Amino acid sequence: MERYSFQAESRELLDLMVHAIYSQKEVFLRELLSNASDALDKLRLLSLTNAVNLPEGHVFEIRIDRDSEKRVLVIEDSGVGMNHDELVNNLGTIARSGTKEFLQQIKEKNTPASELIGQFGVGFYSMFMVAERVEVFTRKAGETQGYHWVSDGKGEFTIEPVEKDTIGTRIVIHLKPVDEENGIEDFTREDVIRRIVKRYSDFISYPIKMKVIREENKEKKEVEETLNSMKPLWTRKPSEVSEDEYHDFYKHLTHDWENPLATITLQGEGTVEFQALLFIPSRVPFDIFYQSFEPKVNLYVKRVLIQENVDMLLPRYLRFVAGVVDSPDLSLNISREMLQQDKTILQVRKRLVKKILDTLLDMQEKDREKYTKFWQEFGVIVKEGIGADYENKEKLLSLLLFESSAGKDLITLEEYVKRMKEDQKEIYYLTGESRRVLETSPYMEAVKDKGYEVLFLTQPIDEFMMSAVHEFQGKKFHCLNKEPIEEKAPEVSEEDKPLLEKLQTLLSDHVREVKFSTKLVDSPACVMTKAFEFSPHVRKILGEKYPFGDERRILEINPKHPLFERFKGIYEENKEDARLEDLAQLFLGYALIAEGTPLPDPARFNALVLKMAEKL
């Protein structure tokens, strides 16, 4: 017998499950039945591709056995099973990106543990809410050796070889005493099991069987009954399916414990026949920004699962959508490589994308509060599509929500255009680290005086997105902290040219050009970025591994500001006066601070400010 300790993160999650005050502890059975269904799906896929030879007469099924006196519940499937290493890896660790972030959120937030558990989804571990001890007997398809896994969920588990006649997995749960006040029902009772299966797992496409006592001719007999209807939801008319049934199917599919934000049904007819049942989650998955993230969209052919987590059915910017697609027009043995070239898949994908985007636009129009919730969770992912999906670019632009100088509510581009002043020709926006910095930035001064509204873009992806956007409804975009390509430089008198040249010389390490500004009203200076360059905010996020070339900025000076008048007066008296260097540093320091960018030499700037204060 081998003894192992759970991985540290798994121990924390186990402890959370055991002590979680979660009233619906019955969901452990849903999770185990979903896992059993997944194991059967995997075996059927392997058999379709001839990767595994099934035993003669193999039956794909799930069985539930129970012993009320011994307080034992057994869930058994004839699926793919596990070998020794898979037991260690699958049941001893949680090999999932985002685990640390999940645990950190539990520590940092006051959100109820049950809500956070639901966001993460921990299937197998959920049984420890109701179990004193768990045993797993399993044998992998294609192998002869079986294994016995045992744990009480308190930090350790054991594994030993065991004889097992059939492939698949048998989970034996030694239940805690009944405690209905804390959600622990008698999970060995027939009516309790039937209710849970009917509610959460009726649509599972494999029979869930259980032996029950029935009376025939006044004689009690033990008979085997199938508890679920096995009819896939996506084959039924939407009018015949309740909202609860859709929600339970979503939870079965994704192992999420929360209801989806939206349910989408689609029937494809004509050149390509297919049925689709899709869901938009309520919360962004923890691991969605990891490269290894796989969309939870499964592909069926005539109700037979042929591939899980198919990434070709939706573009990457819709990877948060979960669901199933079923088409009779595909081959049962189609490979992932073939999917990329298959014309049927490409047509299905086009229809799915259109339906999802139309659903979101409809939500935005009819239920703004719900759509705002969606946007706060998934907006940053949808933005990825602006530069990647030219065909749907206009719809995606219509989906965008922005912070604005006009108020706290998020607005659409269409709403912005409708509110534009009569003399306003462009859509103005600012990029930066936070709304707080942008609201008080010098870039706002000229447009604020004219009463123009400004959009605030504060996410790193915004600059990438806007590089692919040029106009909306005939209105061009204008980034106030970037130098416009076609901007006409203000005229500079012969008297002032030497002053700008002197500033350029004094600040040459940090500034590539000094010019007069047309946008400043009250501020002495601001720094600008070239139209096709990234801002310092984005450069900082991308880090040193990306070479950016000349990182020096453009310094714009307000020629009407007293600070420039002072610089001009000193220069006319003595072109080499040391005070010119100090004033030049003040121009640059002010501009960088106003932008929210760190100073190149904070100590020197502080000394200059103190020096000025002493003269007041």
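Cβ atoms are placed via backbone N, Cα and C, with glycine included.
What TrEMBL says about this protein:
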type: BINDING; residues: E31, N35, D77, M82, N90, 97-98, 119-124, T169, R336; note: ATP binding site
type: DOMAIN; residues: 24-179; note: domain 'Histidine kinase/HSP90-like ATPase'
type: REGION; residues: 1-336; note: region 'A'
type: REGION; residues: 541-616; note: region 'C'
What are the DSSP helix/strand/coil residue counts across the region 'C' (541-616)?
44 helix, 5 strand, 27 coil
Comparing the binding-site residues E31, F124, which residue's C-beta has the most other C-beta atoms within 10 angstroms in this structure?
E31
Across the region 'A' (1-336), what does the mean pLDDT come to, as a whole number?
86
Per DSSP, three-state class assigned to E31 (ATP binding site):
helix
